[in-house]
Amino acid sequence: NANDRITSQHAIQRAIQESYNRPTRATQESYKSHTRAIQELYKTGPAHTVKRASAVQAASIETTIVFRTLVPLITSWADWAFMDRQAPSRRSLVGLVTIVFGALLYAATSPGGIRVDTWLWAVLYLLVLAFEMVYVKHVLNRLPMSTWTRVYYNNAIALFFSPPFLVFGHEYARLSQGLHALTQPRPAAAVTLSCILGVGISFTGFGLRNLVTATTFTVLGVMNKVLTILFSMLLFAQSASMVSIVALLACISGGTMYQQAPPREGHDEERQAERERLVKS
């Protein structure tokens, strides 16, 4: 009858409305995944930034580079202990040690020398950076999402923590001066270019981290800094002894000796996941 049809129509409409309002399982899993990603980036990002800034203030640049070259030794052990990777080969271990001794020789023969005012910040910088390298790789393996999504979350969280650093660094006193400079074409173009390059570095960094181990990414980061110092010496005619140049070349040779540790035997799922990441890239 008519009443039954009306009741049935109302029931169908309520069911459609409830299904529309209720998120699907895929949507719920995506929301949970993104929430976990934000939490993990929140844990590692601010701590890494604070420790790095404090270490630079408490030691010379050359000393900071030396501590930076020690990080791959820690991450290689962490890859073996926690990330189901094989121990580094003899060739890779010799390469990592060569990087450290090359950095020590460069620092010892540079004008800044090896100087540490506060060992606490230097050790914290070393440990936090090593933890950040391994933990972020763990997050990337366990929480799949696109590279652009990771870039978005990483920069959004960094933007959230920028106001406190502006206060501690007394940057607000120069805020009006900075805003006035942005009204001029050349400073505005420089800032725009730096933003584009920053996004590009973040994108390529997360893309590379998804393909390689934490130790491989760390070694590449060290090589990037060594090459930057070497090119600055050659391009800007900075005064540098032949010993310093040879030390930097020794760091580069050590980096080329390193080979990424493969997954342990019996971890076929990790091997398959690594192949899929390489194919998708």
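These residue numbers are counts, starting from 1, taken along the chain as shown.
Here the Cβ of each residue, glycine as well, is placed from N, Cα and C on the backbone.
Taken from TrEMBL, the feature compositional bias 'Basic and acidic residues' applies to 264-281.
Look at TrEMBL and you will find 258-281 tagged as region 'Disordered'.
Away from its own ends, the transmembrane segment (93-113) comes close to residues 60-63, 65-66, 68-70, 72-73, 76, 219, 222, 226, 229, 240-241, 243-244, 246-251, 253-258 of its chain (Cβ-Cβ under 8 Å, at least six residues beyond either end). The transmembrane segment annotation in TrEMBL covers 93-113 (among others).
According to TrEMBL, the transmembrane segment annotation covers 119-140 (among others).
TrEMBL lists 152-168 (among others) with the feature transmembrane segment.
Sequence annotations record features per position, and here TrEMBL assigns transmembrane segment to 188-208 (among others).
Among the features that TrEMBL reports, transmembrane segment is placed at 229-250 (among others). With a threshold of 8 Å between CB atoms, the same-chain residues lying at least 6 positions outside the transmembrane segment (229-250) that come near it are 65, 98, 101-103, 105-106, 109-110.
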